[in-house]
């Protein structure tokens, strides 16, 4: 959030955001003025003061500085206490009015597009929010606020410089009662630009209300008034060739205007008459004339437009046609109709259109005044808002610019007078010697325009009244005769050779306070006369349209007196306005355009310099700076700067003026740098204030540091004490809690131990109240121990926890369940391959377990499908035995029957027989049906004897061989040949039948090393080693 700084506090940021009051500029040059304005504009700070005058630069974008929160910030605050703002000026005027119970006015000036109308709206909105609120007061405020859109619709138009340019001057009095409540209002209007009704320059529009009616009016209303929804259809709306503008929404504005008319109490009948009057002007602009053979004006064949005019105005169509084409001349008792030329007829038509619109606008202002009028006769104070056109300089300047610039000359004269008067009064009130101020006095220009005998307005009026062929050029000649030597007046005839190049023959130039302006005299007489022919005026006075009748029947129809000219009327109204303003306290807002293209962020220095000049801002600054740049009440000055002097810090007990004197002496002010008034100190140079403010800023930081240190120390000590007390309390409470817990814990422990001892003593008894908890504890303890030490495998029979007596049966049941569970898990985890392996091992176990010593070592060795692959068997042998389906093969050592000589052979088991193979030759085929038995020893050797039935003496006997995979081979053989019961484990020796009728034996013994040899007794001796114990 942006920090709000008061006037003096903002001086420390002057290099960054400029100075808030131009009076405090170190140099009062135009360059320094523009530089400060630009610096503030670049930071979106559009408001700057010159004393109590507010300079406003149009940013051409929305700024978030006009919300209700901002209004509340500025309510009741000293003028210089917060940054410059239009709310500060509005509030100061309001608060001063309440305090002093006097009248004030706020003069808002600037050229078209500078933001004058917006400024007046912002002030009205501020008063609507800040003033006390009741139902009655809210109604008055609504009428004041809603008068704006109505007056803008009828009095504003798009120009080259501004899409919503006010084409009239407006002075509004806001009436307040003694409590500060807004209770009424009154509006004065000045110099409506009626010529715009009938003529617009290229790129400009007629008054907004015409386009709003055509674009936004309801279909029934348009039909009732004979209008089409097309602006191009009406001559008075198309001359500028820009009927449609993107920045203007005529349909929405129409709705706003209709709503506003209801709020300001204009009833439906008058509203219809009002729109009928506007429509009649549009139809009147479409009335066209032709010439007859004599050059006299005739209406062309299309009389529809004239009929609509007569209907809407409520006048006779024939009389209206006659009034637009003939002039009625009265000679003694006779009336003669003199025909118009076409040009005269067009002039009469346009004059009627301007008169109708101008009088309607005046009627509308009067109606608004009636709705806002306060009928209470008690004394009231007022704040006036003067929203007046600024100084205008166009490429071609005509009668309207002459009047507007004359108005600005008068206001500048008033401005300087009031500013000087205010300065003088303040100096006198404070008993400070007044120093004369050098400034340009524009009275000479005002006299040039308004002098009763030799002024331009007087000469213009004389030329308008003079019989004969008076024209704009004869008016120029009279000016040259009367004021040929005036230093602020020049024409082509009076100018030197160089100046003549810049002047046309029909021009005259005035040197205004704001610069030179060249005026073209063409149209001056017509616009000043602004005459409406008598027969037309009489006809319109009989209108059935209530508004038109009221407007035109106010004058005496029998009066022969010529009405006052426009310039004279304007001069008189200006003099009255000056009298009104001189009786009030003045506040000023000067509005500046930042650029011509209406682009945000652009600062056109040349354009700004021109506006600063013609708004007289440098003149005003010089008046404010002529004596003393800065003045403040003693109390305010002392309150701010008292830390700079030990004698005044922290409190000054005496009179504030004495305190300020002591303070400035301590700061080293020179006598010519300041003056002491009755209630204020006056400082001559801004640099003196800068030095004081910079010293205050340094002192403020030092004081802040010291205060921070003291405060931090105080806070730290307080915090430490609080923490210490809290810690002590917490410790006390904690110790108490812990002691109570310990006591309860010990009491519980004693109870438990007693129960445990009693339960232990009665543990052998049946469950009762004395031992139930002990037995539960024993059970739980045993189960917890058992849970952590369960056997991991089925073979583990030793690690089961020994149960207490009461759980012996339970323990056994749990043990059985656990082992069954492990067995189930193990069985479910066995694969088909492993299952087959186990089935073979089971068969082996049934045959050899407990019989053969080498059996335990074989358990861990898995069986394989075969020890000889088909690739290792000779192809011829393979072809011979393949049909029998080879089941298993293993290498063996065969011992001959005679001599027991060892021979390496392959033993192959098929589905039907066992084959002993020597390379490519089958040495023996043993059918399983002829196999009568199988013998092995009980030792660790690998000798196998296959007992074969021998019925033929020539048939080979038993087969003796040694196999390294004895258990695997025999298990496979038993399974294939179904010989499980034929295997015998023999101790000592095995008898073998070498052939029918011839026997021998294999003897077995234990030794250090395994050996197989033929013994002396002719038997085969097999020496086996002892089996290794696991």
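Each residue, glycine too, has its Cβ placed from N, Cα and C.
Note: TrEMBL annotation is automatic and uncurated.
Feature annotations, courtesy of TrEMBL:
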type	residues	note
BINDING	110, 111, 112, 113, 114, 115, 116, 117	ATP binding site
DOMAIN	17-697	domain 'Myosin motor'
DOMAIN	852-1026	domain 'TH1'
REGION	574-596	region 'Actin-binding'
Exercise for the section: Run through the Cβ atoms and count how many others sit within 10 Å of the one on residue 115 (ATP binding site). Expected result: 24
Completion exercise
Cβ neighbour count within 10 Å, max among the binding-site residues 112, 117, goes to 117
Completion exercise
For residue 113 (ATP binding site), the number of neighbouring Cβ atoms whose distance to its own Cβ is within 10 Å equals 23
Practice task
Would you list, in sequence order, the residues of this chain other than 110, 111, 112, 113, 114, 115, 116, 117 that have their CB within 8 A of the centroid of the site's CB atoms, where the site is the one recorded for ATP?
Solution key: 58, 162, 165, 390, 591, 593
Completion exercise
Same chain, |i - j| six or more, Cβ under 8 Å of residue 116 (ATP binding site); the result in sequence order is 108, 109, 110, 166, 387, 388, 390, 589, 591
Completion exercise
Summed over the region 'Actin-binding' (574-596), the DSSP helix, strand and coil counts are 9 helix, 9 strand, 5 coil
Fill in the blank from the handout: Taken over the domain 'TH1' (852-1026), the predicted model's pLDDT averages 89
Fill in the blank from the handout: Cβ proximity for residue 111 (ATP binding site), under 8 A, sequence spacing 6+, ordered by residue number, returns 161, 390, 391, 392, 593, 611
Exercise for the section: Measure the Cβ-based neighbour count of residue 114 (ATP binding site), defined as the other Cβ atoms within 10 Å of its Cβ. Expected result: 24
